Ligand SMILES: Nc1ncnc2c1ncn2[C@@H]1O[C@H](COP(=O)(O)OP(=O)(O)O)[C@@H](O)[C@H]1O
Ligand SMILES: [Mg+2]
């Protein structure tokens, strides 16, 4: 029998989507095939403390982390396991490396070697390339996109600029920094000019969004100048850069799940019918009245176009493993607009990502097997790349 793999599932995190992450992690931990995997649970609190142990998910849910075992991952490539941290004094952290027998009271490796990490962290410090950088340093295989793909997909402005350069269809948009906004407000004439020209270019309704956030936090749909100004002020409280986008009206919200590394595949698309005026935080997580229709009622030709754009966007942003690509499709004309790419999509029992693959013939358990295999494949591929060169004397001649 082959040895079971140790999968470290990381959840929670310093993000507005902390709670959603706990529900996603619960589903993933329950679904992982226990004949193949041992699960190592790692929780990150809202203020960024790391905890471990069988009960860490429950402790994070209850907020009762005083009893929790404090542990962390280190960037040292020789460790590859969770290391306990002395609660009383960080400076006392010692690491008992696998090849020394030194006696220490803290900083012990408390798990077997981790074979693969499954970050189930949505939003900031989890989906944005920061924690992926730690896995890279530690030389650990991990599920999902790498540093680059995660970072560019998390930032709406960068994501849009890349997709626009490849002529992928998107709603018209402009962007500005918070500093520019404050400057505009102080210079009445230019301010008016900017508002007039932006309103003319986009036309109401307009969507205003922080560039680097998710779950619709800080997003407003505005229909007049007064609301427009308030919305930019609000978005500026969440990010230094603000997206201002033409509202697509009378449209269907469509989502596609993409799976793979260098040659990814797209699932059948699904439709979201938000309970509110748009798919805001409450419609996503609070009121439970948004509907999901799988497969989305679209003509075959449009489905294929959407799938092609989804795969193209995934590759352009250097995504890996998984991503959910979202679209708006006009009801009458079926005109397609790429909306955004999420590299760690919701993964609860009712989330679109696993549901779309289930409807495409891949069960959630099989999907997790594939994601772990893709993580190992990507890590293996990277290991084979040449990272140092043997200098030869004749090169300098
Ligand atoms: N240009 C737009 N036209 C119409 N609806 C939009 C537009 N942009 C955003 N929305 C609505 O706002 C929701 C959240 O916007 P999105 O850009 O997906 O942000 P997030 O990353 O927070 O999910 C969308 O699902 C959609 O309902
Ligand atoms: Mg979205």
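Note that Cβ sites are derived from N, Cα and C of the backbone, with glycine treated the same way.
TrEMBL: automatically predicted annotations, no manual curation.
Note that the coordinates shown come from a computational prediction; the quantities given were computed from them, not determined experimentally.
Under the heading active site, TrEMBL lists 17, 215, 351. As annotated by TrEMBL, Mg(2+) 1 binding site applies to 326, 340. For 340, 342, the entry in TrEMBL reads Mg(2+) 2 binding site. The domain 'ATP-grasp' annotation in TrEMBL covers 160-373.
Shown here: features listed in TrEMBL, placed on the structure.
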{"residue": "17", "record": "active site", "CB count, 10 Å": "25"}
{"residue": "215", "record": "active site", "CB count, 10 Å": "20"}
{"residue": "326", "record": "Mg(2+) 1 binding site", "CB count, 10 Å": "20"}
{"residue": "340", "record": "Mg(2+) 1 binding site", "CB count, 10 Å": "18"}
{"residue": "342", "record": "Mg(2+) 2 binding site", "CB count, 10 Å": "22"}
{"residue": "351", "record": "active site", "CB count, 10 Å": "20"}
Filter the candidate list 17, 215, 340, 342 of recorded positions, keeping only entries whose CB is under 6 Å from an atom of ligand 1.
215, 340
Integer Cα-Cα distance in angstrom, residue 340 (Mg(2+) 1 binding site) to residue 17 (active site):
17
Which recorded positions, if any, among 17, 215, 326, 340, 351 have a Cβ under 6 Å from ligand 2, given in order along the chain?
326, 340
Nearest-integer angstrom distance between the alpha carbons (Cα) of residue 342 (Mg(2+) 2 binding site) and residue 215 (active site):
10
Alpha-carbon distance [residue 215 (active site); residue 326 (Mg(2+) 1 binding site)] in Å:
13
What does DSSP say about residue 342 (Mg(2+) 2 binding site): helix, strand or coil?
strand
Can you tell me the CA-to-CA distance separating residue 17 (active site) and residue 215 (active site), as a whole number of Å?
7
Need the DSSP three-state call for residue 326 (Mg(2+) 1 binding site) to compare against my parser.
strand
Can you give me the Cα-Cα distance between residue 351 (active site) and residue 215 (active site) in Å, rounded to a whole number?
13
How would DSSP class residue 351 (active site) in three states?
coil
